[in-house]
Structures are given as C-alpha cells and as structure tokens.
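Going by TrEMBL, these are the annotated features:
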DOMAIN    666-927  domain 'Ion transport'
REPEAT    97-129  repeat 'ANK'
REPEAT    166-190  repeat 'ANK'
REPEAT    200-232  repeat 'ANK'
REPEAT    233-255  repeat 'ANK'
REPEAT    274-306  repeat 'ANK'
REPEAT    307-339  repeat 'ANK'
REPEAT    340-372  repeat 'ANK'
REPEAT    374-406  repeat 'ANK'
REPEAT    442-474  repeat 'ANK'
REPEAT    521-553  repeat 'ANK'
TRANSMEM  664-686  transmembrane segment
TRANSMEM  707-728  transmembrane segment
TRANSMEM  740-760  transmembrane segment
TRANSMEM  772-790  transmembrane segment
TRANSMEM  810-832  transmembrane segment
TRANSMEM  895-917  transmembrane segment
Amino acid sequence: MNRSTTVLLRDLNEEDKSQENQGLPLSLLRQFSTKERGVARRRQTMTSILRRSISDSVERNLCYRVGLHQACRDGLIDIVRALQQRGVPTINTLDKDGLAPIHYAARYDHEEIVQLLIEGGADLDIFSGSESKFTTPLQIAARFNSPATARLLVLNGVDVAKQSSYGQQALHYAARRGNLKVVQVLLREGKAEVNAKDNENSTPLHAASQEGKLDVVEILLQYGADPSLSDNDGYTAVHLAAKDGYDDVLEKLLSTAKTCGVSCPAILNKMDNDANSCLHLAVRHGHIKSAEVCIKYGADTCAVQDDLSSPLHVACVNGYYEIAKLLLLNGANIHDEDAEGMTPILRASLTGNVEILDLLLSEGADISSEENTYSPSPLMCAVKRGHPNAVRFLLQSGSPIDLRDVSHRTSLHVAVFSSDAETLKVILQAGGECLLNSRDKNDQTPLHYAATKGSLQLIQELLKTGAKVDVKDEDERIPLHYAVECDERLTPLIQSAFCGCNLTTSLLLDHGAKIDATDKNGCTALIAAASRGRVSVLRLLLDRGADIRLVTTDGKNCLETAIANGHQDVCMEIIKHERWKEAFPVCDKRSNFIPLKSLIETFPSVSKVTYDFKYVNPHPSLLSDGRVFFAPKTMLDYGREELIFHPLIIELMRCKWQHMGVRYFYISAVIYLFYLGNLTLYMLCIQHLYLLNSARPVIPPRQNVCIFARIEVWEIFIAVMTAVYLLIEMHQAFSETWNYIEFSNIADICTFSTALISIFPEPLGLEFPDKCVFLVISVLFGYLALLLYLQSVFESGIHVTMLFVVLKTLGKVAVMFSILIFAFALVFQMLLSKEANAIALNMTMNGTLLGDIDKDPFQSLHLSFVKVVAMTIGEIEYTRFFIDQRLFSPTLSQAVFLVFCVMMPIVLMNLTIGLAVGDIDSIQQNAEFKRLSIKIEVIHEFHEKSPLWLLHRLHQPKSVKQPNRKAKTILQKIKGLGNRLVSGKKAKYTVEDAERNLADHLTKILTSRMKEQDDRISGITLEMKEQRKLLESLLQRMPGTEARRTLSDD
C-alpha cells in the first residue's frame, strides 16, 4: 500500500469505514492493518532521515556543527578551509579516541586536507593517545596504505624514524600490511632505515616475511635488508617464513642471501630461543613446500633440538606422512634417538599413525628391540597409548608378541593396565592366549592387573579366554585379594566400609550381605566406616537400617568411635540423621560415655553460621549490562539505614573490606606514605642545602645524607613517582569525566603537579624562592591528601570526618561574619593606624616615625583585615594600641574596640564552638553509619574501576563463621590482633551489636519520619485555611440567588 492510499483511507468518514469493514473477514482486516502499520513506520523513518539530512545541508551551516576532526575524517575540504579561516584552535588537539585532525586525514589519504593542515601549522610528528598506541600521522598513513599522504608528509620533513609505543616505525607498519607504494616512498624519498628494529628487535623484513608479503620482501632486500638478523625470540625472517609456510618468500630470502654471499645453511640451521631450526619449524607446522625449500638450500635434516629431536621425530609425532617421506629421501637418519632414547618409529607408535609406521618399516626401521636389552618396542608403545589399529598392523608386520619390558611385563600386562578393552581383544585374537598367565617380576599376571584396576570388563574378557584365578604373586596373593581392596563387587562388607567403597557396599547389600555382621572385635560395617571417616558409606549404611546401638568389644558405638578418631564430619552426619537419638544414650555405665559432653569437649567448632551473599552481591558474570550490582550502595542511595545495619550487610562489608581494603587500599596508603616521606625529606634537605648554606652548597658532615649527588638521584626518583601518580590521576579523570571533580582528587592533583614543578623549575623560568613555594604547597596538600586516606581506609578516620565537617561549618560562619570583619578592618584602619593619627595630630613625619609606620599592622586595608582576623582569635594587644600610642579620638576608638571584643572574640567564637560541638555530637551519634557509608562508597568506587577478571577473582559468594573456632597458627593470631588495632574495637561484631545499632537507627528514623509527617499535616492545614478564606471571599462577591444555587449544587 502506497502513501496515497494511506492518506485516502485516513480521510474516509466513519460511516464508510464501518460499512467497508462489515463486509471484510476479521483475519483479513488484522492482516491489512498490520501491514499498513509496518509500511507506515518504515516510511516515517525514511522521511525523518531525509528531513534531517535536508535541514542539515540547507538550513544550517555545517561549519558550526562539524568539528575539524570530523571534517578531516570525512574529507570535507571546504569545511576544513572555513574552519582554518575562522582560526579554530583544535589543529593539534586530540579527540576522545586520542587522534588529531592530521591523523584522520592521513588515515583516509586526504592529501589536500593534509596540505591545508600543514599550512595551518599542524604538528607533523604529533603522537596519538594511548588508545592508538602513540602513533604518528606517517605511521597511520603507512598502516592504512595512504601513499599520497605519506609522500606529502615525507616531503615536508616528517621524521620517518619516529617510533610508536611498540617501537615500530612507519616502515614496520607498511611492511606488515604489504603496502608496497608506501614502502617505496619511505625507502626512496624518506631514506628510512631498512633494518630498523622495534622493541622486539624485529625489522621490517621480519614483519613482511611473517605476513607473506613477497613484493615488499623483494624491495626491502633490494635496499639492503639483512635476512640473518634475529629478534628477541631468536627468529630470523627466514625462520618466520618457514614457520608460517610462505614458501615463495622463503625462496626469495634464501636466493638473495645466496647471491649476496651469505651462507644459507648457516641461516637455516641457526636455532631460535626454543632450539628450533627453520626445518624444524616448517615440519612442526606441516608446511611441506617450505620444508622442500629449506632442504634445497642446505638445511640439515639431522639437526637436533635441545631434547635431541630431529625433524623426522617431529614429523612422526605430528603425523605428517609426506614430510616424513621427504626427510627420508633427503638423508634423515631413521635410527636417531632423542633425549629419552626414542627413535622415530617409537614416536610414531605412540601416536598410532599406521601410514608412517609402514613408511618407516619399509625404510628399514627396527620393528622390535634387541633381545635382552629391554629397550622400548613399537608394539609396547602402541599398546600403552591404546592404538588398536597400530597394534594390529605391527603384529601383522612381524612384531614379536611375547616382548617384555624391563619389569618383565608383556604387551598383555600393559593393555590391561591401560584399561583398553579393544587393544586387549586385538592381542588375544593375534595369539595372545599364551600370555594370559605370564608373570612380571613380582609374579603378577594380567588378571592381577585387571583386579587392581577394578575393571569388570577386562576381568570377564581374561576369564573368558582362560586366565587362571588362583595364581599367587610373590606376596601369596591371588587376584581376588586385590579385587577386595579395590572397590569390587566381590569384597566383604566390612572391608568395603574400611576402604570407603560406596558402590561396592551398595552392591553387597543388594545381594544379601548382612548389614550388622561383626568381626572378631565386634566391629560392624557402620563402626568401620566411622573409624576411617567414610562419610558416604556411613550415610548409606544408616539409610539401609544399620544398628547404631551396636558396640565393639571395648564398648564403643559408631559415634564414640568417630569422636575418638577425630572425624568431625562423621559426627555431623550421625547427628543430622533422622535416627540420631539411637546414638545418644543418657549414660553408659561401662565407659562413662556421654555423647553430648564428648562432642562439646572435642568439637566445639561444630556450630557455624553461614551468610549467603547471592542476592545482595551477585556474581559479576550474571549481570547482562556489565555493571556490578552492590546492594549496600543502593541502600545508601535510597536512605535505607535499617537495611544497612542488617547482620548480613555487616558481614558482607567485613568480607569486602578484608578482601579489598587490606590488599589494595592499605598497600596504596603505604606506597603513598613512602612517597610523601621522600618528598618531606627532600624539602628538609633542600632547606639545609640552600637556606642554611646559601653561600656555598656544602653540607656539614652531620648532614651527609644530603650531598648534592644524592639530591639529583633523589629528584629523579621523586619525579618518576610523581609522574606515575599523575598518569594514574589522568586515567581516572578520563574514565570518570565530571565525576572526577571532588576534593580528594583535587588535593592529589595539586600535590603531584606542584611537586613536579618544584623538581623541575628551570623550564618554567622559576627561581629558587619560587621552587620552595611550590614545594611547600605540594607537601601541604600531600599531608591533606594523607588525611583523606586515613578517612577512607582506617576505622579511626571518623575523626577526620569530624574535622572536615567542622571546617565546613566554620566556612559558612566565616562567610556570614566576613562583613563584620571587613567593617571593623575599615574602622580600625582609620582609628588605630599610626599614619592616620600622625596626620590628625599634625605630627612631624620624621625618619623614626616613618620607620614605625612601616611596622604598622593597620597601614593598609588588607593588613588591617588580617589583623582583625588575628584579633578575633585572641590577639588583642590593648596596651600597644591604646596605651603606647596616641590616638586622635581615644574615646571613640575604645568604644569601637569594646563593641568588637563583645561581638567577635566572645560571641562569634562561642557561636562557632557551639556549632562545632553540635556537628561532632551529630557525627558521634551516627559514627557507625558514617563509617559504613565511607566503606560502601570506597568499595563501590573500587567495583566501578576494576576490570571484570579482578571482580571475578575477588568475588565471595558466602561467608562461614565458626564462633567457637580459635586461631591455630601464629599468622592467624597476628591477623586478628591487627584487625583489632586497625579498627579500634573488638574483632567480633556480634548479632547483638548489630541488633542494638539497628534498634537505635530505627528509633531515629521513626522520629524523623514522625516529624516530617507532622510538618506535612501542618502544611495541609494551612493550605486548607487559605482555600477556605478564598472560597468565602468568592462567595461574598456572588449574587444571592446564584450563590444559593451554587451551594445547593455543591
């Protein structure tokens, strides 16, 4: 349906539409309306996009909407020119992606825009931000194949040797991407170093060879690239080409090296850091063409690694038939042994590759070891790894079946021990019946092995073939003994309970074994399981009805046996069972055993409390939006104090602080203390070096720590730490944006920036006094930031909170009373200044009087203001101003002075003290809540800034507390003592404490809510009174009849 039809249908009157709809089926109407809505929605979207595009291009000036970065990226040269004419100061500014305008122009090869930017003064060697690996415009042009831009940059004098964060130059990027034209520009016109190395000592030739860029490799070799250079991994370009299978590149490298007189065998047989030659790498990765090239140019087919593995060993291990065939045709030794004495055919047997085995045997490999040498044989290797096809092939190829190893084990022993039934059948079908009763050096048969492994299938296969069941080994034990010990169905019930064989116990009970049968000591299966701590078997026996009341000959039942052997989990299993009362006789006269008393004495730590944090602190991987949900933060944001003091939240905060605070915040505080201590010592040292000995920078012998050589090292150390801190703050500011602006961060920025300026004042043209000023400011802000650390990290930080609250109140009072301070400063300057009194009294302004005037605290307005502040806090000096000095109006001066004494030192100071006491009292009343609030904010901020893998590692789904468990190790005791010293309170926060705090806060909340409700009721009452008055006034203005009719209607 087109838009015209939609408009016509919309204009139909209701009658026509109702008549039309009555004649259509309901399903057709629904389909028609659905399609109509879909088409209309799509057309509406297209119309909106078109309208916005036309408005942007016709009704608006793009110069005011498109920035320089976007214009350079989109190739809008007219807008770039217009912006430059307007003088936009962003030509060298990095955007949020860390790129300048010239980076974008180079990325998309906008040559004309680059020329405009160069004419406008753009920095050609500007580095991008960390997000773009600190790359220059030339490196970006090289990476994204912008040859025209690259040539323009080179012609304008760009530094082609600039390196990115990985140490790579523009030639590295161009070579890796295969950008041939850019490579030509850099080499011909830029004179780039063809063998330049990055941080990994990798050259452009390495990069091109690794990516298989043949044309780039050719031009690099023409300009003198050295194919024999190695990177940090020991790889040459030849190694990389062989490893990645670029045989054409490999051929070119070797042919060029040969033409230049370089020894190709020396390069090919050179080992990397993992002792791989080029041929090893080609073989290991299955590149037969590269292997052919290596052999063609002289690679040694018998070269060995550190483990003495030859290329043929590697081919056999990886199952590369064609490569193995190639190596054998070119002189590989088929009998070479590696460090473990394994030949290529033995390695092929371990992998079970029949084709390679056939190849090696056809080339003369030994199918069996020499007699009486007990060397490994291919058959034994194939049996051990469970390769039935390889075993069948070797036996058909003539391998002796009765081979034995150094422990006289046959292939049948090995097959049974490997639990491979199919391999066992292959051996038995190939004539292995003769090995059924063969013995190893311990006189054990394959059936002994099968019984030890506990494999019923293997036992049945051996018995079916004719194995004897009564053969004894050197310990006079038959296979049945091993079956009893190894969780088999044939084991007696007590032995099975001793071993903890749950399946065997169940099978024996199913087949009629007596559950309460005893041995000669009266031990039942239940007591046996309790004595060995077999919880699963004990649970099975209890469920099957085992008698708990039975005792051994020494009078111990299952519970007492478990207590005597220290099996706490068994005791818990008995206690949790529904028949636990049977194990709790009141008293046993024979042994004086009281179960409850023994449990209390032996296992006081049985009681425990489990706090489940599944809902208040879910696992980070369960949240779809990627943001971590932290319930205490939500409770704090919405003022749910009663929930914050719930014991579960208290325990969650304890666990969080123990995992995060101790590991990260305390460590950061220690590191910051170390930094601040060095800064302080540096300031003291500078003071002794320059102030006390300004004439000569020599320190007395007692100040030997401050000699000038150490000062320089000290400055470098402090500068490095300061730079690291500044980088951290910059990253934090970038990630938090406007949320970064808070007092603690401002204090940190002031500390580190002023410290850096004080270390390096010369670039700013600062003298030594200025250096000292910045150093003093840095130390002052540093200790202020340390106070903020104490506020958020330690429990005693509540006192720091009191300090800042009092300062906030004092600031408010000071702002209000600054008017009075300013007024008294003006008045005192007029009444008490020596200059004003001298002029009023017509005194001679001699030299002595002028000297006194220079010392007058009221000689200027700002000095007078400072003096009034000092007088407010107690520096009155009545004698100096009213006794020792002549005043032109002493009466007025004394009256004003008395008014000042009453209003400022007495009233103002007492008012400030009273407000501060009130604030401190309020903080103390809510100290626990404020302490938790600080911790919640710190932990939530840590969650927001931490990567997901760290949150996964620190996540704790639950907390289990055992109140009766005491610290066992010295480390645990020291840890508990440290917790008490840091927190300043007892280590255990009991449920009673939490309930008490909860009750107090609930009372406060209830009181505040009642007060709010009272205020609301009062407000509603006042509004009703006002509305009543308004209605009465309106009623009086209305005529009588109309008023009565209105009242009757009401």
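Glycine is treated like the rest: Cβ placed from N, Cα and C.
Whatever TrEMBL says is automated annotation, not expert-curated.
Away from its own ends, the repeat 'ANK' (442-474) comes close to residues 410, 412-413, 415-417, 419, 421, 424-425, 428, 433, 435-436, 480-483, 486-489 of its chain (Cβ-Cβ under 8 Å, at least six residues beyond either end). Look at the repeat 'ANK' (274-306): DSSP puts its residues at 16 helix, 0 strand, 17 coil. Residue counts for the repeat 'ANK' (97-129) under DSSP (helix as H, G, I; strand as E, B; rest coil) come to 16 helix, 0 strand, 17 coil.
Between the repeat 'ANK' (200-232) and the listed ranges 97-129, 166-190, 274-306, the one holding the most Cβ pairs under 8 Å is 166-190. Across the repeat 'ANK' (521-553), DSSP helix (H, G, I), strand (E, B) and coil residues number 17 helix, 0 strand, 16 coil. Mean pLDDT, taken over the repeat 'ANK' (307-339), works out to 88 on the 0 to 100 scale. According to DSSP, the repeat 'ANK' (374-406) comprises 17 helix, 1 strand, 15 coil.
With a threshold of 8 Å between CB atoms, the same-chain residues lying at least 6 positions outside the transmembrane segment (740-760) that come near it are 679, 715, 718-719, 722-723, 725-726, 729, 732-733, 766, 771-772, 774-775, 777-778, 781-782, 784-785, 788.
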